[in-house]
């Protein structure tokens, strides 16, 4: 029996968007009621997706600026990134393009990204939005638009509290890691002897 392939999946995004809650919800089927900044221990377990068994390694990262130097150490060897923003935070949505995409392109170029909108249960919660005037709902269309803009492979929305779509997020990440999209080839001049000869003629 062959050993399961190891897949390293790293969550990235602003602080307090729900990255750690999403990981806890997926691995333990529980939802932490208090905000605790990144206390998720790296997790590894065998998971079956589409008949394939993989050893899924989950890595949590802290979004706060204090961790800007340490965070990229987690990116090494990543097979896929879950790039998360909150569906009730316009700032976290905008930071995907402003902060997180440039960081991932710099430290982990070419690694596929799955874009994830978190806190789905709160997006249509009128009472929550009324009690939090600063909250701004991000629509599915806006999420899909952002996915295209940053070149993410997929876009999903989930709620760690209700567990809606949480498993789908990680199943998608595994599928993407197993079958990464082919990079678009940039057309470069051929560096063959023949092309050099033609060039000088």
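Residue 1 is the first one shown; counting continues down the chain.
Backbone N, Cα and C define each Cβ position, glycine as well.
Record features, source Swiss-Prot:
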BINDING   13-20, 60-64, 118-121  GTP binding site
LIPID     198  S-geranylgeranyl cysteine
MOD_RES   198  cysteine methyl ester
MOTIF     35-43  motif 'Effector region'
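The secondary structure of residue 16 (GTP binding site), as reduced to three states from DSSP, is coil rather than helix or strand.
Looking at 16, 120, the binding-site residues in this record, the fewest other C-beta atoms within 10 angstroms of the C-beta turn up around 16. For the motif 'Effector region' (35-43), the predicted model reports an average pLDDT of 66. Note on the binding-site residues 13, 19, 61: the fewest other CB atoms within 10 A surround the CB of 61.
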